[in-house]
Amino acid sequence: MAEIQPLLNNIYLQVEDDEQQMIEPDKNIATRRIASLDVFRGLSIFLMVFVDYAGSSLPIIAHAPWNGLHLADFVMPMFLFAAGVSLAIVYKVDYLARKTENRFEATWKAIVRAAKLFLLGVFLQGGYLHGLTSLTYGVDVETIRLLGILQRIAIGYIAAAVCEIWLPRQAWKKNTFLRNYIWHWFAVIFLCAIYIGLTYGLYVADWHFSDSYSLSSLISENGTTIHTVTCSVRGDLGPACNAAGMIDRYVLGIDHLYQKPVYRNLKECGVSKGGQVSESSPSWCYAPFEPEGILSSLTASVACIIGLQYGHILTELQGHKNRLCNWFLMSVLFLVIGSILALIGIPINKSLYTISYLLVTSAAAGITFCALYLLVDVYGWRRVAFTFEWMGKHSLSIFVLVTSNLIVIALQGFYWKSPHNNIIYWIVSHVVQK
């Protein structure tokens, strides 16, 4: 854990900064911390914990079933944004950008860090711990989930790191900020173009899958239900026939996807309070779907690269006013473009990580970071945000212990006479489910 902790907390550099002081673009910047970045990360982890535990009682803050934007849908983009900002600071040291041999070394270190985070995500979300109602553990390698939250952050991290280490940049020129990192923006356009081409260009044929738990008149010899989903389309953005799901089924295998997709909360699926899909529901309601899938990882990586550009503003521009103005203008631009795309028919969709969702949530993350920077680093309200700052410094540990239910599962291991007589089971049965 000690080796992995720096990956999410890496270089949330804190500067003792007030209205008269400015961050100088020198090599010592990599030894400091930015308090508002820690606070931003802490706010992100707090929101994750809040929506995870309160979302079942307050559906309005849980993930939107498909199209739309709820509070929970802002969390992942905030994590990716913070990772990008952090990378800009850690790679500020000039030798990483100037010497080829150090580029190879930096790339290798980034790959190792991303691999550690990815494997930790597989371990935590692969089914090793069996949840609140079970005292067993173990992993069925035939159904282990391969992608997830930490895996997505790892992918975004390595994509942004490669851009920062290898893509050329111009010498700093005043009032031409975007031109200094024009190759980064070309990378953004390139990734978005691939995403759009695959999303709207791939032909999605009819597909079928087996399910051992549903009721159906079409039963195979081994007792499982065979579902058929009729598609034969291109460019569909619905839950049944989108290209993202098809890619994941072919590459990862349907058994390695997320087994309880959020789209089951749609009215078409008619899910009961116990989480059972109605027998009369469309066949795709029974199918697994990976919200952190391969295709959507392209635009998720773009979110991290966008955070990288906010970090460049932090490290390159001097003075609070210049930074805040550039951050705010960039955020407003993203918000306007994302809103226009949503209005012309590209839905805001977290599961597909659509371009409109990418831009709107990146804008929200940017505006939030502006506000926290103004309050914490400019006006010095650091004591007020102390809790969030502490959470930000220990974000990975909190994620592992709380949002992955390790603390919860550990607590439920203490029971009175019967395994069901534990405090966690009592809270779930008497508070959450009422």
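Here the Cβ of each residue, glycine as well, is placed from N, Cα and C on the backbone.
Annotations in TrEMBL come from automatic prediction, not curation.
These figures come from a predicted structure and were not determined experimentally.
If you look up TrEMBL, you'll see 42-62 (among others) marked as transmembrane segment.
Summarising the annotation, TrEMBL assigns transmembrane segment to 74-93 (among others).
Per TrEMBL, the feature transmembrane segment maps to 114-137 (among others).
Taken from TrEMBL, the feature transmembrane segment applies to 149-169 (among others).
What TrEMBL lists as transmembrane segment is 181-203 (among others).
According to TrEMBL, the feature transmembrane segment maps to 294-315 (among others). Packing against the transmembrane segment (294-315) from elsewhere in the chain are residues 23, 25, 29, 34, 76-77, 80-89, 92, 147, 152, 155-157, 159-160, 163-164, 177, 180-181, 184-185, 187-188, 191-192, 194-195, 198-199, 243-244, 247-248, 251-252, 322-323, 326-327, 330, 334, 351-355, 357-358, 361-362, 365-366, 369: each is 6 or more residues past its ends and has a CB under 8 Å from a CB in it.
The transmembrane segment annotation in TrEMBL covers 327-348 (among others). Outside the transmembrane segment (327-348) by six or more residues, the chain places 67-69, 237, 306, 309-310, 313, 354-360, 362-364, 366-367, 369-370, 373 with a CB less than 8 A from a CB of the stretch.
Through the fold, the transmembrane segment (354-376) approaches residues 35-37, 39-40, 43, 69, 73-74, 77-78, 81-82, 85, 192, 195-196, 237, 299-300, 302-303, 306-307, 310, 320, 323-324, 327-328, 330-335, 337-339, 341-342, 346-348, 382, 384-385, 389 of its own chain, all at least 6 residues removed from its boundaries and within a Cβ separation under 8 Å. Feature annotation from TrEMBL assigns transmembrane segment to 354-376 (among others).
Among the features that TrEMBL reports, transmembrane segment is placed at 396-416 (among others).
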Beyond the flanks of the transmembrane segment (74-93) by 6 or more, those residues with Cβ under 8 Å of it: 8, 10-13, 25, 27, 29-30, 34, 37, 40-41, 43-44, 47-48, 51, 106, 149, 152-153, 156-157, 160-161, 164-165, 300, 303-312, 314-315, 350, 358, 361-362, 364-366, 368-369
Other parts of the chain folded back onto the transmembrane segment (42-62), taken as Cβ under 8 Å at six or more residues beyond its ends: 70-72, 74-75, 78-79, 82, 262, 265, 368, 372, 385, 387-393, 395, 398-399, 402-403, 432
